[in-house]
Amino acid sequence: MATLLPPKSKRQKKESLNPTTIEIPEKFPLVNVQFRASDDSNELASLLVPGNSSVRQLEALLNQLLENSDDPVPYNFALHHEDETIEIQDNLYTSVFHNGLMKTEDHLTLLYTPQAVFRVRAVTRCTASMNGHDGTIISAQFSPSTSSRLVTGSGDFTARLWDCDTQTPIATMKGHTNWVSCVAWAPDASIIATGSMDNTIRFWDPKKGSPIGDALRRHTKPIMALCWQPLHLAPDSGPYLLASGSKDNTVRIWNVKLRTLLFTLSGHTAPITCVRWGGQNWIYSSSYDKTIRIWDAKDGKCLHILKGHAARVNHLSLSTEHVLRSGAYDHTDFKPKSFSDERRKAKERYEACLKQSGERLVSASDDLQLILWDPQKSTKPITKMHGHQKVVNHASFSPDGRCIATASFDSSVRLWDGKTGKFLATLRGHVAAVYQCAWSTDSRLLVSSSQDTTLKVWDVRSKKMKFDLPGHEDQVFAVDWSPDGQRVASGGADKAVRIWSH
């Protein structure tokens, strides 16, 4: 009797229609290609190239044409076809010809974009171990303007401000009466906010570490998340609006300068886990209640509720997050002459980022999955991303918005396409839960922190570990890569702040 095969599942049917591996023919006709800069600043003459050329081969050819061969620049390539931009993922054949998008006799105009106009060197060694905290370090963040200033929050009820150049503490910021759960620099680096399990938010001078004004006390349970208003949206008086998320199920919007509560955003039915303030003046909040809410920052009204997760949502990341965090500061060593000058530069950077990749949102959950959203266009997911075997603790868009890195309790880091959500790679090397990951400013490198006491630096292009960084004596909860690319900071249960450099 013949064996009857079970019917294909929906997933198997989908995979059969979209095979993950496509055989690329060794011989394929030459095609007519013209390279054009994505900003229309340069257009090269047409030439013939093999229709099965890989992205790396196109990159090498373009560098040769642009006379960059001595110091080659990595590029992304895209094809504009019928009012749609198709990114060249691996090679021309799979992206353009295999699916019949175009024919070999067609003329192809390939838009090229440098992945970054400067390069960040991988951190390779611990250059400082700074002691002072008497409790577990659970949060760490570099100043948006310089890698010489770092703030950390700890279970010893204090935050500390560090000088990373001299490897010494500047100040111990005392005032909280419970764990400091989150820290946040204003995007112009003019003020530091700290949130605590004592239900309060405090503010500090970033030069001396001295307190600024009284604590904000309207939350009734611990503060879990802080996020400043983006610099390009700030009024002439300065960047003084802050969003806070709490275990009391609310998000609150504050005028920090006046010490007034502007709005209480009520609607979540369980504790808030993460808050993001987008560049379109929308506020995004995630919660134990399995939902993400979108709020209008102008009036505090709930605009949308994003549903799709089956368990609590742990973390959110925006594709524009890097430029929102760093404001006007970039690789050009920009020195603003005034606040309006600073705000103008921040707006230019944001609009350039928005033009390149839009403003998408990714959410990470206890249900082992991620969801990619385009909230400005729809409340329905772009896609759901499966693969992690345990809780997904953290998600982070690369600065260029093209890639998403996720950290999970399954001991792995995964990479996903930032536009489609397509799975790209699993980065294995950690032997225990991975807590956080942080990108280099040029989007080429990634660092992850783990329960296994190590940091690991990954090369995103090769999808392999570049450096293993042991040194901590206990699990590492917090990691940050400075916006200028010079340093990585980490902290954890061994109470030490470690600085890593190249």
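Cβ from N, Cα, C; glycine included.
The region 'Ubiquitin-like (UBL) domain' annotation in Swiss-Prot covers 28-116 and is backed by similarity to another entry. Shown for the region 'Ubiquitin-like (UBL) domain' (28-116): DSSP residue counts in helix, strand and coil, namely 17 helix, 34 strand, 38 coil.
For 132-172, the entry in Swiss-Prot reads repeat 'WD 1'. Remark: secondary structure over the repeat 'WD 1' (132-172) totals 0 helix, 22 strand, 19 coil, with classes taken from DSSP.
Marked as repeat 'WD 2' by Swiss-Prot: 175-214. DSSP assignment over the repeat 'WD 2' (175-214) gives 0 helix, 16 strand, 24 coil.
The repeat 'WD 3' feature in Swiss-Prot is assigned to 218-264. Helix, strand and coil content of the repeat 'WD 3' (218-264), in residues and according to DSSP, is 3 helix, 22 strand, 22 coil.
As annotated by Swiss-Prot, repeat 'WD 4' applies to 267-307, with the evidence given as sequence analysis. Beyond its flanks by at least six residues, the repeat 'WD 4' (267-307) meets 221, 224-230, 232-233, 241, 243-251, 253, 313-318, 320-321, 323-324, 350, 354, 359, 361, 363, 365, 371, 373, 375-376, 379, 381 of its own chain at Cβ-Cβ distances under 8 Å.
The repeat 'WD 5' annotation in Swiss-Prot covers 344-383. If one looks beyond the repeat 'WD 5' (344-383) by at least 6 residues along the same chain, the residues whose Cβ comes under 8 Å of a Cβ in the stretch are 38, 113, 187, 230-232, 276, 278-280, 282, 284, 286, 290, 292, 294, 304-306, 308-320, 322-324, 326-328, 330, 334, 336, 389-395, 397, 400-402, 404, 406, 408, 416, 418-422.
Averaged over the repeat 'WD 6' (387-426), the predicted model has a pLDDT of 96. Among the features that Swiss-Prot reports, repeat 'WD 6' is placed at 387-426, with the record citing sequence analysis.
Secondary structure of the repeat 'WD 7' (429-468) per DSSP, as helix, strand and coil residue counts: 0 helix, 22 strand, 18 coil. Residues annotated as repeat 'WD 7' in Swiss-Prot: 429-468.
What Swiss-Prot records for 471-502 is repeat 'WD 8'. According to DSSP, the secondary structure content of the repeat 'WD 8' (471-502) in residues is 0 helix, 16 strand, 16 coil.
Sequence-distant neighbours of the repeat 'WD 6' (387-426) (same chain, 6+ residues past either end, Cβ-Cβ under 8 Å): 76, 87, 89, 115-116, 314-323, 353, 356-358, 360, 362-366, 368-370, 372, 432-443, 446, 448, 450, 452, 458, 460, 463. Under 8 Å from some Cβ of the repeat 'WD 7' (429-468) lie the Cβ atoms of residues 74, 115-116, 118-120, 122-124, 322, 331, 390, 393-394, 396-400, 402-403, 405-413, 415, 474-481, 483-485, 488, 490, 492, 494, 500, all in the same chain and six or more residues away from its ends.
Long-range contacts of the repeat 'WD 1' (132-172) within the same chain, counting only residues at least 6 positions beyond its ends with a Cβ under 8 Å from a Cβ of the stretch, are 178-185, 187-189, 192, 194, 196, 198, 204, 206, 208-210, 325-327, 329, 477-487, 489-493, 495-497, 499.
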